[in-house]
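Colleague: Please read through the structure below; I'll follow up with questions.
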Amino acid sequence: MTATAPITQDVRTFPRKLPDGPVNLIGLTRDGLRAALIEAGTPEKQAKMRTGQIWQWLYQKGVRDFASMTNLSKDYRAMLAETFVADVPEVVSRQVSADGTRKYLVRIAGGHEVEVVYIPEVDRGTLCISSQVGCTLTCSFCHTGTQKLVRNLTAGEIIGQVMLARDDLDEWVPTGEGSDAKPRLVSNIVLMGMGEPLYNFENVRDAMKIAMDPEGISLSRRRITLSTSGVVPEIAKTAQEIGCQLAVSFHATTDDVRDKLVPINKRWPIADLLDALRDYPRVSNSERITFEYVMLKDVNDSDADARRLVQLIKGIPAKINLIPFNEWPGAPYERSDWARIEAFADIIYKAGYASPIRTPRGEDIMAACGQLKSATERARKSRKQIEAEAGL
């Protein structure tokens, strides 16, 4: 990431319709689904009702076989099967950590792969999903940043990660039962996987609106957290159009250090970022912003850093998540000593901010924060190759 990078990255997103193939309904907005049904011959007067019926099959019951959508006529189901598909990304491999964390390697159109992580806890289940193949930000402490950006994910590929996890966890509502028939295993979504979500804003927005829709997956916006490295111009739009919880990959208290750790800081330095964050809780009706802070030995973990951090965020409803650095092969940093992390947390706590220390999860399967990178990373492809695969 350089200081001259554009706000909207020049990265292709695969179309929902592959060459000479059917339209994939997964990822279409309600309006998009209705329009697709009308184009396929559904009378306009029936389109709203049909949209609602299909929506509930797809996103409440997890049924993607049109023949099983039994409240639709046989002829209508046959038309759907001839015209559309309802496909989610393919799970290539599934690893389960000793602590119960699950990591999925997922294949999408073009043969590219991303990673998805499910973290079970006593009172919640958090699904960490990706928004891009690779990443453009090159944050020096993050393994994902060493995998070059290939492309944005479509809305279908983003919400599809949620759906495949629910498949694996057997979380869908059985036909004939209410939406509260089963305990919710995926209770929270965090956009903290591969990629910068705000460089793929429209697709992330559409996918999260599907996740929040009350007739489908029905997650509260308070249970969805979008993590950004600080794409300042998109922060207000996130509050207005998504309204989810916001986390910021902060990681440093001076521009000199943050320029090295999070190079996007060269374009939007700390002062500009904090200015953009001050209005977010009010506009989005969120309780507070989460500041993520990775603890790097002798880099950003001094008492002076802790005191500066408290001063910087003064006046912003916030909590600070302290993240012990999760090492990966070739990493240029070390994790701060535990005593140092606790001392740092104590300074923040005494200043009146919650400062939980994140327990590393899934380290044995490289599923912890900052460790994600496609294990079978493909050879980099040229734009011409990507366009050819997409039928552009």
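Yeah, the Cβs are placed from backbone N, Cα and C, and that goes for glycine too.
According to Swiss-Prot, the record shows the following:
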ACT_SITE  Glu115  active site, proton acceptor
ACT_SITE  Cys369  active site, S-methylcysteine intermediate
BINDING   Cys135, Cys139, Cys142  [4Fe-4S] cluster binding site
BINDING   Gly195, Glu196, Ser227, Ser249, Phe250, His251, Asn326  S-adenosyl-L-methionine binding site
DISULFID  Cys128-Cys369  disulfide bond
DOMAIN    121-358  domain 'Radical SAM core'
Colleague: Within the domain 'Radical SAM core' (121-358) only, compute the mean pLDDT.
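Modeller: Mean per-residue confidence for the domain 'Radical SAM core' (121-358): 92 out of 100.
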Colleague: Compile a sequence-ordered list of residues in the same chain as Cys128 (disulfide bond), six or more apart from it, whose Cβ lies below 8 A from its Cβ; state 'none' when nothing qualifies.
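Modeller: In sequence order, Val116, Val117, Tyr118, Ile119, Val190, Met192, Gly193 meet the Cβ cut-off.
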Colleague: Which entry in the list of binding-site residues, Cys139, Cys142, has its Cβ near the fewest other Cβ atoms, using 10 Å as the limit?
Modeller: Cys139
Colleague: How far apart, in Å, are the two Cα atoms that lie farthest from each other among Gly195, Glu196, Ser227, Ser249, Phe250, His251, Asn326, the residues recorded as binding S-adenosyl-L-methionine?
Modeller: 19
Colleague: For His251 (S-adenosyl-L-methionine binding site), list the number of other Cβ atoms lying within 10 Å of its Cβ atom.
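Modeller: So the Cβ neighbour count for His251 (S-adenosyl-L-methionine binding site) comes to 25.
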Colleague: Compared by Cα position, which of the recorded positions Glu115, Cys135, Cys139, Cys142 is the closest one to Gly195 (S-adenosyl-L-methionine binding site)?
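Modeller: For Gly195 (S-adenosyl-L-methionine binding site), the closest Cα among Glu115, Cys135, Cys139, Cys142 is found at Cys135.
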Colleague: Which of the binding-site residues Ser227, Ser249, His251, Asn326 has its Cα nearest to the Cα of Cys142 ([4Fe-4S] cluster binding site)?
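Modeller: Ranked by Cα distance from Cys142 ([4Fe-4S] cluster binding site), first place goes to Asn326.
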Colleague: In angstrom units, rounded to an integer, how far apart are the Cα atoms of Asn326 (S-adenosyl-L-methionine binding site) and Cys139 ([4Fe-4S] cluster binding site)?
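Modeller: Asn326 (S-adenosyl-L-methionine binding site) to Cys139 ([4Fe-4S] cluster binding site), Cα-Cα distance: 14 Å.
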Colleague: So if I draw a 10 Å sphere around the Cβ of the residue listed as 'active site, proton acceptor', how many other Cβ atoms end up inside it?
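Modeller: Taking every protein chain into account, the count is 24.
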